[in-house]
């Protein structure tokens, strides 16, 4: 049996793009990733070669019949346009989250991928970490009373990364994956321009009307960390459970999942659940942005 190979191109060579190039050049033995063959990479900057990978133009990447899939690792702001170009060129797409900075764009792109029968895969390495897998086991089957997820990190350029509900969608994804569908009850945002500080606070309700809070806080020199406080009828969870180190890198796990989709090895049910979760989180991110950007209500 001739093994099916998918020519791939990496677009954007920041931290994620370089990890993608490395993983495509060194696939895990006898994993689905062995069906991916790196053809080259695209960047606005001029590199020549990175290791054995050669730089090609965007036009070549779109036109070349030997390239079947694109890994998009550009800044958030340009995801939408880049996904559109590759889908229009009849290529499968893997893109780093968030896939777009508006819910409308995300739904349009998803529809386009389905019409063209292309795989559109959004990377969610935050669901693949051992820390998260242990947390999910710990939370499984418990009854939530209330909870908070508080993220801190360094300053992001919002022109490139988008509104915090979109750039921080990994946190929202956790909450939806752990506790099911959520409704936004309120959201506010505090900004101190002079201090380059931003804090977004979102209040949700679960389907059982239990309150959840998400805080996304960024400022100069803030350590990148997540704090949790989830209270259940059986007691509170304030620290992450101990988790082993994974032997397989997160980007490699994600790449294997993408390759499995290309090979038709992921069930329709899984694909449908994933589509729902991704689009639902983007819909909620947009609702949060609208709440935060509403002019202050004046009570007389």
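Just so it is clear, glycine is given a Cβ too, placed from its N, Cα and C backbone atoms.
Automated prediction, rather than curation, is the source of TrEMBL annotations.
The domain 'Gfo/Idh/MocA-like oxidoreductase N-terminal' feature in TrEMBL is assigned to 7-124. What TrEMBL records for 13, 14, 15, 16, 43, 44, 45, 97 is NADP(+) binding site. As annotated by TrEMBL, domain 'Biliverdin reductase catalytic' applies to 132-244. The Zn(2+) binding site annotation in TrEMBL covers 281, 292.
Structural mapping of features recorded in TrEMBL.
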{"residue": "13", "record": "NADP(+) binding site", "contacts (Cβ under 8 Å, 6+ apart)": "21, 41, 43, 45, 47, 50, 73"}
{"residue": "14", "record": "NADP(+) binding site", "contacts (Cβ under 8 Å, 6+ apart)": "73, 74, 75"}
{"residue": "15", "record": "NADP(+) binding site", "contacts (Cβ under 8 Å, 6+ apart)": "none"}
{"residue": "16", "record": "NADP(+) binding site", "contacts (Cβ under 8 Å, 6+ apart)": "73, 96, 123, 251"}
{"residue": "44", "record": "NADP(+) binding site", "contacts (Cβ under 8 Å, 6+ apart)": "none"}
{"residue": "97", "record": "NADP(+) binding site", "contacts (Cβ under 8 Å, 6+ apart)": "122, 123, 124, 169, 170, 173"}
{"residue": "281", "record": "Zn(2+) binding site", "contacts (Cβ under 8 Å, 6+ apart)": "169, 172, 173, 176"}
{"residue": "292", "record": "Zn(2+) binding site", "contacts (Cβ under 8 Å, 6+ apart)": "163, 165, 187, 188, 189, 200"}
Subject >> Across the domain 'Gfo/Idh/MocA-like oxidoreductase N-terminal' (7-124), average pLDDT on the 0 to 100 scale >> reply: 96
**OP:** Could you break down the residues of the domain 'Gfo/Idh/MocA-like oxidoreductase N-terminal' (7-124) into DSSP helix, strand and coil, giving a count for each?
**Re:** 48 helix, 30 strand, 40 coil
**OP:** Rank the binding-site residues 43, 45 by the number of other Cβ atoms within 10 Å of each Cβ, and give the residue at the low end.
**Re:** 45
Subject >> Secondary structure content, the domain 'Biliverdin reductase catalytic' (132-244) (per DSSP, counts of residues) >> reply: 30 helix, 50 strand, 33 coil
Original post:
Can you give the largest Cα to Cα distance in Å, as a whole number, for the residues 13, 14, 15, 16, 43, 44, 45, 97 that bind NADP(+) in the record?
Top reply: 22
